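Colleague: Here's a structure for you.
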Amino acid sequence: MSTRMQDKSEGHRMREQLEAIRQQAAGELQGLDNLEQVQEWRVRYLGKKGELTAVLRGMGGLSAAERPIIGAIANEVRANLEELLEAKTQGIKQREKERRLQSESIDVTLPGAVTMLGSKHPLTQVIDEIKAIFLGMGYQIAEGPEIESDYYNFEALNLPKDHPARDMQDSFYITPEILLRTHTSPVQIRTMERLKPTLPVKIICPGRVFRRDDDATHSPMFHQVEGLVVDKGITFGDLRGTLLAFVQQMFGADREIRLRPSFFPFTEPSAEVDISCVICSGSGCRVCKGSGWLEILGSGMVHPRVLEYGGYDSRELTGFAFGMGVERIAMLKYGIDDMRLLYDNDMRFLAQF
Amino acid sequence: MRISMDWLGEYVAHEMTATDLAEKLTRSGIAVENVICRDRGLDHVVVGLVQRIEKHPAADKLWVCQIETGNGETTIVTGAQNVRQGHKVPVALPGACLPNGLTITPVDFRGIPSAGMLCSAQELGLDEKTIAPADRDGILILSDAAVIGKPVAAALGLDVPVLELELTPNRSDCLAVLNVAREVAAITEAPLQLPKQYAGADDQCCNGGDGCTGNKDDLCCTQDRVRITINDGDLCGRYAARLFTNLRLGPSPVWMQQRLQSAGMRPINNMVDITNYVMLELGHPLHAFDYHTIAQGEIIVRRAQDGEVLTTLDGQERTLNAGNLVIADPEKAIALAGVMGGLATEVTDNTKVVLLEAAHFNPASIRRTARQVGLRSEASQRFEKGVNVDTILFALDRTAQLVEELGVADVVPGYVDVYERPSKAASVAFSVERINGLLGTNVDGATMAHYWQRLGMTVTWSDPEGNAQGVVEVPTYRPDITGEHDLAEEVARLYGYDNIPTTLPQGATTVGQRTWPQLVQERLGEVMVASGLREVITFSFINPRHLDRLGLPENHRLRQVVAVTNPLSEEQGIMRSIILPNLLEVAARNSSRRTTDIGIFELGSVFAHPASPEPLKELPEERKKLAALLMGQPAAGWRQKPGPYDFYDLKAVIEKLLACLKINGVTWQATGALPYLHPGRAALLTVEQDGATMELGWIGEVHPDVTEAYDLPGRPVAMELDVQLLTMLARAFGEYKALPRFPSTDRDMAMLLPETVPASQVEAVIAATGGTLVDRWRLFDLYQGAQIPAGYRSLAYTLRYQASDRTLTDDEVNQAHEAIKAALTAQVGARFR
């Protein structure tokens with residue numbers, strides 16, 4: 001009886017002891033706020049020489065019946081404390097990480113490390129855009145020389161010598177028969193000669209051209225993009241449709257075009273093409289001089305004689321051609337008010353595009 | 001060409017406002033550049049009569065006028081000295097805002113209030129060149145016929161709008177009011193009214209018959225008194241003349257003067273005014289001679305003799321050559337055909353009899369002569385563009401009509417007309433289907449015929465039922481219509497360009513793609529942009545002095561230039577043979593504007609004159625080049641403090657470029673041979689291909705002399721690469737090699753080397769000795785200075801060892817590494833620490 005009493009009281013005592021350790025340890029742990037203290041705590045309670053281990057060492061005095069019960073309790077206390085330890089450790093680590101991150105914050109409004117980015121010239125950008133539009137419509141890009149023969153620049157374009165229309169383009173000459181091309185139209189002939197008799201011919205040709213003009217609105221060198229389509233059954237309506245598609249891609253889907261009869265020696269019928277003003281959309285402003293329209297290109301049906309010069313049969317085939325000034329388009333698109341800026345190459349200007 | 005609405009209205013009753021008509025004309029092919037309202041700013045400017053005028057009591061140069069303005073008398077002070085009592089003058093009343101912006105308010109002139117201002121021609125906004133020189137200064141004195149109190153705009157005929165036409169070269173027929181009226185009639189379908197022509201009852205030759213006295217001073221008929229010979233029929237296709245006698249020279253009527261002024265011409269006297277009037281009306285220039293100054297009344301049209309002298313109307317003595325066509329009498333030249341009359345045969349106050357010339361001259365010949373003498377008159381411009389040979393008699397008879405109507409002279413019956421090969425009206429065949437096929441329209445034959453008939457053409461169907469094809473006979477005033485496509489344009493513009501359906505080309509689908517050279521060029525631009533450079537576009541021509549500034553010796557290859565024969569200035573004198581000078585100029589310009597970070601490139605052509613002597617027979621060689629220049633330094637940031645741009649900054653750009661185009665095997669060869677580059681800081685880029693060495697381009701610091709010549713503050717580095725070669729060498733993508741399956745080992749080596757040994761030699765030894773085991777190497781440090789003996793530098797490389805079939809052992813790597821060191825020591829004198 002006394003043994004049982006004693007036994008019972010021994011088991012009871014250990015149980016109380018364990019519970020006391022648990023409460024004390026848990027209470028102590030709560031107050032800790034750094035990992036070193038937590039480590040000390042762990043050694044003190046859970047370590048090989050810790051309090052919990054010391055209690056368990058006294059289990060030898062327990063009865064066989066009590067031992068597993070007390071053992072289970074002890075394990076439960078250990079597990080409980082380890083769980084608290086883990087939570088505490090995580091909490092402290094989390095807080096420490098937060099503190100570190102906070103101390104590491106930078107001024108995000110400082111400028112980034114400098115890397116240089118260049119830019120293409122606005123004229124090149126416009127030409128690239130024009131190219132992309134026509135590539136999308138199945139055109140090829142053709143090129144020709146800047147120094148050109150009288151034959152390609154004039155004669156084969158139905159501009160014989162002494163033709164009054166030669167006055168429209170005052171030329172820079174190298175010799176009486178060789179000059180700086182005054183337009184990109186010679187590439188029409190060169191391309192037809194190269195491709196004949198292949199059909200269809202569908203090309204655009206961007207490039208530098210030269211005329212003896214130098215004032216606020218004329219530069220002795222400027223850029224044009226020429227277009228040429230030759231095939232069976234090409235109509236004036238096709239020209240209209242093609243230019244409308246181009247203009248709406250270049251200047252916006254709500255642009256309209258207007259064709260006015262005009263004259264170019266290498267096309268007949270010929271048309272000047274206006275677009276509804278990019279500034280006022282047609283209501284009239286300073287840029288369009290109140291008319292609501294801006295002239296942007298010249299066009300027409302390829303003159304039969306030009307087709308013949310190019311080696312194509314004008315009785316079987318028709319074609320259209322158009323030519324536009326890149327400077328004008330760039331100025332309209334970017335709102336540049338002085339053409340000379342395009343050749344001044346001021347870095348502060350170039351940096352804007 | 002300027003046409004006043006009232007003049008136009010004389011031939012066609014269109015009933016449209018100037019603005020509407022302008023729009024309609026523009027949309028159908030005769031571009032109206034401007035509708036000029038000449039009465040703008042002339043509100044409250046009225047005709048006044050000077051009742052009295054006296055000196056200002058307190059000012060020497062001022063006059064006090066009492067002016068009747070129709071609304072009672074008003075006092076106006078003027079400083080002009082040409083006003084007299086009884087003059088009618090333009091009076092700007094308070095409230096007026098003159099064309100020059102001046103607003104009129106009552107003003108006190110030294111105690112005398114002035115309720116308005118008398119106006120000069122200039123203050124009324126009149127075009128000075130239409131005003132007689134005597135009327136340009138002082139107050140404009142109006143004609144006695146002006147009605148007091150009425151607006152001055154009406155008195156001067158300024159209340160009629162004027163259309164300013166911008167004519168295309170093919171429509172020079174519209175340099176005639178009548179032919180513009182024909183256009184208006186065609187587009188509005190209003191009837192056309194032709195002007196009156198002379199039709200005297202006895203307008204024929206007496207042929208020495210009853211009326212002919214045989215007396216030389218008796219002008220019985222023109223044929224009897226005038227002989228015309230055309231010697232050079234190639235330059236003069238027709239020459240006709242009429243005589244007018246008893247000339248009564250004086251001013252022409254106000255209406256005629258005002259019409260001439262509205263067209264921008266200055267009234268001179270009634271005879272000259274009539275010829276100018278008819279020129280503007282019918283488009284045919286005329287010339288009046290004093291008949292009695294023409295020897296034997298004989299006109300000879302011939303080429304001038306070389307060195308022949310003629311004093312022209314402007315008093316200048318001109319030496320002629322066989323390229324000039326002259327009008328002559330048997331003794332001398334009397335006029336420069338179609339360009340300017342002679343002084344000796346000018347119509348003057350003493351002229352009794354006038355010989356009126358109407359002729360057709362070769363346009364090209366007139367063009368050359370007009371350029372030669374530097375004179376382009378209204379007349380010569382019309383001849384240059386080609387006048388209608390069949391208007392000649394019309395012009396003579398119309399002049400005769402006006403001469404008689406205005407009582408300027410008496411018309412001598414008959415005329416002389418030498419016209420050997422009369423022109424024929426053009427006939428143009430057409431097919432309705434083909435025209436619709438060209439336009440993309442569906443206009444029926446009857447409608448097309450109607451359009452053409454409205455334009456004065458005659459249509460003959462070859463299939464009366466079908467209306468499918470036929471022939472159009474074109475009036476001679478429309479020489480621009482020569483083919484079916486021209487007829488198609490007439491249909492299109494009367495049908496309305498805007499009514500033509502909008503379609504896209506049908507037919508086979510085509511591939512839109514860039515060629516390989518175009519792709520490479522585009523990529524070049526992109527790499528340059530990604531490297532931080534800005535593209536510039538400069539002129540293909542340069543000032544030849546640039547070649548001197550570059551320090552090019554005589555006979556240098558780059559001096560083989562193509563010269564422009566007629567540049568606007570020396571700035572465009574030659575086609576560039578190198579892009580560098582353009583870039584140096586851009587750099588100088590930017591640097592003068594205080595831009596300190598300059599990185600630019602240009603993709604453009606250079607031109608070379610072939611070695612063969614002048615003149616060029618073939619087109620010269622054009623080669624595309626990629627040129628770039630760096631100068632100054634990037635602005636320092638808070639993190640980076642970059643130094644000034646140098647050789648290696650630009651070299652990096654080229655390396656990036658070559659890497660992007662997958663071009664290998666480029667050799668960087670130091671060169672001192674390029675005059676415009678620093679001899680110790682320049683390299684040629686060469687490539688070996690098929691045993692030949694090709695020059696890809698050059699890079700280097702610009703020579704200090706050149707830098708100075710361009711006034712540049714920094715030390716620019718520049719390059720120029722041949723785009724054609726780059727295109728040939730470039731590959732679209734690299735070659736795939738399997739990634740290594742075994743780990744690699746990195747080993748560093750630092751060595752001391754005489755500074756004369758270039759890095760390329762070191763690397764050649766590494767490559768040769770390392771063989772396949774050395775996968776790559778990288779120079780990671782270069783040091784010169786303290787602890788390095790003079791004349792030496794220290795290079796440090798990282799070498800990566802790699803085998804494709806095994807993991808290299810330490811021993812293997814060590815052995816290879818030591819072998820390379822030994823080779824470096826032996827071959828380039830490297831010392832290792």
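Glycine is treated like the rest: Cβ placed from N, Cα and C.
Annotated Mg(2+) binding site per TrEMBL: B:D480, B:D486, B:E489, B:E490, in sequence order. Per TrEMBL, the feature domain 'TRNA-binding' maps to B:39-153. Annotation comment: TrEMBL describes B:423-502 as domain 'B5'. Annotation source TrEMBL lists domain 'FDX-ACB' at B:740-833.
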Colleague: Across all protein chains in the structure, which of the binding-site residues B:D480, B:E489, B:E490 has the highest Cβ count within 10 Å?
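Modeller: In terms of Cβ crowding, the pick is B:E489.
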Colleague: Once near-sequence residues are set aside, which residues in the chain of B:D486 (Mg(2+) binding site), 6 or more away, have Cβ atoms under 8 Å from its Cβ?
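Modeller: Within the chain, B:D486 (Mg(2+) binding site) has Cβ neighbours under 8 Å at B:V428, B:D480.
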Colleague: Taking DSSP as the reference, which of helix, strand or coil describes B:D480 (Mg(2+) binding site)?
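Modeller: Its secondary structure by DSSP: coil.
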Colleague: Could you tell me the mean pLDDT over the domain 'FDX-ACB' (B:740-833), as a whole number?
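Modeller: A mean pLDDT of 94 is what the predicted model shows over the domain 'FDX-ACB' (B:740-833).
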Colleague: Please classify the secondary structure at B:D486 (Mg(2+) binding site) using three-state DSSP.
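Modeller: B:D486 (Mg(2+) binding site) sits in a helix per DSSP.
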